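Q: Grabbed the feature section from TrEMBL, which reads as follows:
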- 34-57: transmembrane segment (TRANSMEM)
- 69-88: transmembrane segment (TRANSMEM)
- 95-114: transmembrane segment (TRANSMEM)
- 120-139: transmembrane segment (TRANSMEM)
- 160-184: transmembrane segment (TRANSMEM)
- 190-212: transmembrane segment (TRANSMEM)
Amino acid sequence: MILIWLFVTIPDDKKADDVEMPKNSFKDAVSGHILLLALLFMVTFAMFLMMTIKMAVLGQETGLFSPSAASSILALLGLSSMVAALLYAPVSKLVGNFILPVAYTGIAFGFYLVATATNVALVTTGVIIAGLFFGWVFPQAFLRVAQVGPKNGGTLTTSVILMGINLGAAFAAPMVNAIAGIFGQTSASGTLGLVAIGFVILAIIEYIYNFFDRKTT
C-alpha cells in the first residue's frame, strides 16, 4: 500500500469538464407505493423468520425432534429457497406479478403443515414447501420496485426496500410474539399457525391488488 501511494498517480475523481449528475431528493426518489412495498416486505420477512426462531422450541414442545434435528431441518429451508430462486424467471413469465400471492399461499400452507404436524416428516415437508415458495419473494420484491418506482429513484429507492426487509428481520421476534400474545397464542405451534393466517391475509390482499393493477413483467 505504501509503494502504491508513493509511485502511483491517482487521477482526480472530478474533472472540470465532467457533468455533475443531479442529486435526487428523498421525495423525488421514493413514492408512496415504494413505502407501502417496504412495509409489505418488512411484514413478510418478520413473519417468515419465525420459522427459524420457533423451530427448536417447537421440537421441545411437541417432543417430535431435538434441537440438533431442528438445525438440520432448517438447513432445508435455505436449500429449498435457493432451488426455487432458479425457477423464478420461468414461473414469473407464466403468472406475472401473481407470483407474489402464489408465493404467499404456498408459504402459508407450509407454515400450516409445520404448526399442525404430528410427526417429523410433516414438519420437514412444511419447511421445504415454505422455503420453496419463499424463494420467489426476494426477486419479486425488486422486480416490483423496478415496475412502480420513480424513474429517477436510483439506489435510494432500493435502499428503502432493503431497510424495510432489515427492519423486519431485526424485529421479527418482538413484533410477531407481541401480536401472537394479543391473540393468546404463546406456544410455538400457535405462533406459527397465526403466521400462516397472516400469509393467507397477505395473499388475499395481493390477489385483489394484482387483479385490478395488472402490470406486465
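Cβ coordinates are placed from backbone N, Cα and C, and glycine is handled just like the others.
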Q: Can you tell me which recorded stretch out of 34-57, 69-88, 95-114, 120-139, 160-184 has the most Cβ pairs within less than 8 Å of the transmembrane segment (190-212)?
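A: Comparing 34-57, 69-88, 95-114, 120-139, 160-184 against the transmembrane segment (190-212), the winner is 95-114.
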Q: Same chain only, please: residues at least 6 beyond the ends of the transmembrane segment (34-57) with a C-beta under 8 Å from a C-beta of the stretch. Say none if there are none.
A: 67, 70-71, 73-74, 77, 104, 107, 111, 114, 127, 130, 134, 137, 141, 144-145, 148-150, 153, 157, 160-161, 163-165, 167-169, 171-173, 175-176, 188, 191-192, 195, 198-199, 202
